[in-house]
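> I have a structure here, written as structure tokens, and I will follow up with some questions on it.
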Amino acid sequence: MAKFDAHLKCSFCGKSQEQVRKLIAGPGVYICDECIDLCNEILDEELVDGQAGARQGQGDASRKQAAPRKPSKPAPTLATIPKPQEIKAHLDEQVVGQNDAKKVLSVAVYNHYKRLAWQGDGSTEPESSATRLHKSNILLIGPTGCGKTLLAQTLAEMMEVPFAVADATTLTEAGYVGEDVENILLRLLQKADGDVEQAQRGIIYIDEIDKIARKSENPSITRDVSGEGVQQALLKMLEGTVANVPPQGGRKHPYQDCIQIDTSQILFICGGAFVGLDDVIQRRMGRNAIGFVPGETRNGRSRQKDQEASQVLRNLEPDDLVKYGLIPEFIGRIPVSAVLEPLDEQALEAILTEPRDALVKQFQTLLSMDSVRLEFQPEAVRAIAREAHRRKTGARALRGIIEDLMLDLMYDLPSQNEVQKFVITEELVDECHGNKVLPHPSSLEQQSA
């Protein structure tokens, strides 16, 4: 047995038992004390490098904080908060239509910042008062391109507070691949240039909130990390809590000090299209309809269906959202809801010309830099709105249509100094999109007939 032990050697460095002080045996392998010391040195070096990187990141963050920053805007007071009618008037300058939604938003935003002014830093609220004012987050329901994000952004600009947009489809429950809900607060903090106090008075718009609905009303057996799991993770943030926000993102930089943000003063606005929610409401109201629509009336019926859907959504109840896939706890933290109308052709025409930053005005400004005066005939504006309405993507389709229309013009005009004026006609719009847009199915049926 002693003769057999004399041939033992380290499985890593190959040294025999006589050449080392200690040889530790494992299942089929051996390691000497020298290799163990070497492994410990490697681990210590990696730990030191990781801590040094973390200290460097903290130093960069502290240098950014030490850099001169814009002075924080003063907290709102009851005298400086715009009244609901003033808020709606400002929204009218930027957003066409949606009067009911504007009214709901104006009152909700006014009450929210009036609550912040009432609480203040603790000195504004009377000590004898036992009344605590809780915030009311907002839910916007409307089809794509109807102005949900623009409304929230315009509100933030008017109130002069930081504004951040988050996409609910990228969020996952903590511990899974995707973004943590704390990253939403990190974006708001970045918009506030690292000013925590200013960020705590900001507005966060969470888009595509309907995409985190669970697949069925009944609790799932398997874990839904991007649906119900995200709703559960958002509960405390929506209600109000002190969240720990990693300034460099929590997953790639574990060695960093977190910044604490109180979300009780942040206004959350959630928006989504909620496709199929009108069917849920109609089933509750017992208004199901089954039938076939002739091809020649399909376009008119489609427009009528959009209008009917918006009217049905006005009968929305919390139980309908539960059946759609939102958990009751989540719905309870968004008590204010507003339904946005789908945009018709008249609204799209107004969007092209009326707002302060209307698309027609934007392209006129672009060409004026080349000393060219651009004009849109009313018939051309109507044709652009008609094409955008046919695409069913709301106001977002308008820019794509005009970009296609203006491509050759913006390519040639800078090199043609003799051109001083250009007029967009209806014929030019039809010619531009006649070969690029598929005809409506009803027209195909008429041609085949």
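Each Cβ is built from the backbone N, Cα and C atoms, and glycine gets one as well.
On a predicted model such as this, the values are computed, not experimentally measured, just so you know.
According to Swiss-Prot, the protein has these features:
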type: DOMAIN; residues: 1-51; note: domain 'ClpX-type ZB'
type: BINDING; residues: C10, C13, C32, C35; note: Zn(2+) binding site
type: REGION; residues: 53-79; note: region 'Disordered'
type: BINDING; residues: P143, T144, G145, C146, G147, K148, T149, L150; note: ATP binding site
> Round to a whole number and give the Cα-to-Cα distance in Å for the pair T144 (ATP binding site) and C32 (Zn(2+) binding site).
67
> Determine, to the nearest whole angstrom, how far the Cα atom of G147 (ATP binding site) is from the Cα atom of C35 (Zn(2+) binding site).
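One finds 66 Å between the Cα atoms of these residues.
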> Provide the three-state DSSP residue tally for the domain 'ClpX-type ZB' (1-51): helix first, then strand, then coil.
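Counting residues per DSSP class in the domain 'ClpX-type ZB' (1-51), I get 26 helix, 8 strand, 17 coil.
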> Of P143, G147, the binding-site residues given in the record, which has the fewest other CB atoms within 10 A of its CB?
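P143, out of the binding-site residues P143, G147, has the fewest neighbouring Cβ atoms within 10 Å.
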> May I ask you to report the DSSP-based helix, strand or coil state of K148 (ATP binding site)?
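It is helical.
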> Can you tell which of the binding-site residues (C13, C35, C146) has the fewest other C-beta atoms within 10 angstroms of its C-beta?
C13
> Please tell me which one of the binding-site residues listed here (C10, C13, C32, C35) sits closest to G145 (ATP binding site), measuring Cα to Cα?
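So, spelling it out, the nearest of the binding-site residues is C35.
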> Work out the three-state DSSP category of P143 (ATP binding site).
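For P143 (ATP binding site) - judged by DSSP and reduced to three states - the answer is coil.
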> Output the one of C32, L150 that, of all these binding-site residues, has the highest number of other Cβ atoms within 10 Å of its Cβ.
C32
> Neighbourhood of the ATP site (P143, T144, G145, C146, G147, K148, T149, L150): other residues with Cβ within 8 Å of the Cβ centroid, in order?
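Near the ATP site, the remaining chain residues are G142, G271, L340, G394, A395, R396.
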> May I ask which of the binding-site residues C146, K148, T149 is closest to C10 (Zn(2+) binding site) if we compare their C-alpha atoms?
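Its closest listed neighbour, by Cα, is T149.
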> Starting from the Zn(2+) site formed by C10, C13, C32, C35, give every other residue of that chain whose CB sits within 8 Å of the mean position of their CB atoms, in sequence order.
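Result: S11, F12, G14, K15, V20, L23, Y30, I31, D33, E34, I36.
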> Can you tell me which of the binding-site residues P143, C146, K148, T149, L150 is spatially closest to C35 (Zn(2+) binding site)? Compare CA atoms only.
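Nearest in space to C35 (Zn(2+) binding site), counting only the binding-site residues, is T149.
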